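Q: According to TrEMBL:
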BINDING   S22, S23, N24, A25, G26, K27, S85, F169, G170, Y171, D172, K192, H197, R198  substrate binding site
BINDING   E55, D84  Mg(2+) binding site
ACT_SITE  D84  active site, proton acceptor
Amino acid sequence: MTSTASTATGPVSTRSRWVIASSNAGKLREFRELLGGDGGVEFVTQGELGVDDAEETGLSFVENALLKARHAARATGLPALGDDSGLCVDALGGAPGLYSARYAGGHGNAAANIDKLLTALAEVPETARRAHFIAVIVLLQHAEDPQPLIAQGVWPGRILSTAHGDGGFGYDPVFRPDGHDCSAAQLDPLVKNRISHRGLALASLKRQLTNLYANP
Ligand SMILES: O=c1nc[nH]c2c1ncn2[C@H]1C[C@H](O)[C@@H](COP(=O)(O)OP(=O)(O)OP(=O)(O)O)O1
Ligand SMILES: [Mg+2]
């Protein structure tokens, strides 16, 4: 191992296959839409390669995104993209936040998570229902990459009092993005991808990749 481990393998964009370190079908759909046709890179999900979920033991989104990417990179030998994301509600002190997927216990039951959120906010008036989605996306060239690329996106809005729409995933039916008069689940997927936390984080990651390998 040299001190230039992360660059010794050459520009990331020339590697042919990257693994997406997520098991969330909604996220994976958005990644495919957002990364489609990018620079000759082929994307494969960790599930397609038989990789199980990483344990999300971090105390921050960036730590969990790193844990996910490192787990998938180690298991596959491929560059890996990890996404840790969540919904932070001001009136709940930032909850469910890091624990958004596990809010109602278990893992990833969106209907139960939404029920719990609407119950917690039942007495909170519309003006005090501010919230934001956050996504941290990490790219590792390999499991020991000491120079991860890290990007973050934030999507501000408020929590509705009932669920609307059947697009998107997770908390989308109860999230009304600023500047839109509907829930995130009612947005055209192209619009969501352009303005969402995940879309912004991936755009930032792509800018970092371009800058990293641009000739001075
Ligand atoms: O655009 C979004 N629209 C709606 N809900 C969203 C969004 N983005 C994140 N979320 C929610 C879903 C889940 O409750 C939590 C993410 O948890 P998080 O651990 O990052 O993902 P996950 O466990 O579902 O899949 P995985 O860890 O395999 O990537 O935030
Ligand atoms: Mg998770």
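Please read every residue number as a count from 1 along the shown chain.
Just so it is clear, glycine is given a Cβ too, placed from its N, Cα and C backbone atoms.
TrEMBL labels come from automatic prediction, so no person has curated them.
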Q: Would you mind ranking the binding-site residues S22, N24, S85 by how many other Cβ atoms sit within 10 Å of each Cβ and giving me the lowest?
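A: Comparing Cβ neighbour counts within 10 Å for the binding-site residues S22, N24, S85 gives N24.
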Q: How many Å separate the Cα atoms of D172 (substrate binding site) and E55 (Mg(2+) binding site)?
A: 25
Q: Under 6 Å from ligand 1 by Cβ, which binding-site residues from G26, E55, D84, D172?
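A: Cβ < 6 Å from ligand 1, in sequence order: D84, D172.
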Q: When DSSP is mapped onto helix/strand/coil, what comes out for S85 (substrate binding site)?
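A: S85 (substrate binding site) sits in a strand per DSSP.
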Q: Based on Cα coordinates, which of the following binding-site residues are within 10 Å of D84 (Mg(2+) binding site): N24, G26, G170, H197?
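A: Neighbours among binding-site residues: none.
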Q: Just give me the nearest neighbour of E55 (Mg(2+) binding site) among the binding-site residues S22, N24, G26, S85, H197, Cα to Cα.
A: S22
Q: Looking at the binding-site residues E55, D84, which one has the fewest other Cβ atoms within 10 Å of its own Cβ?
A: E55
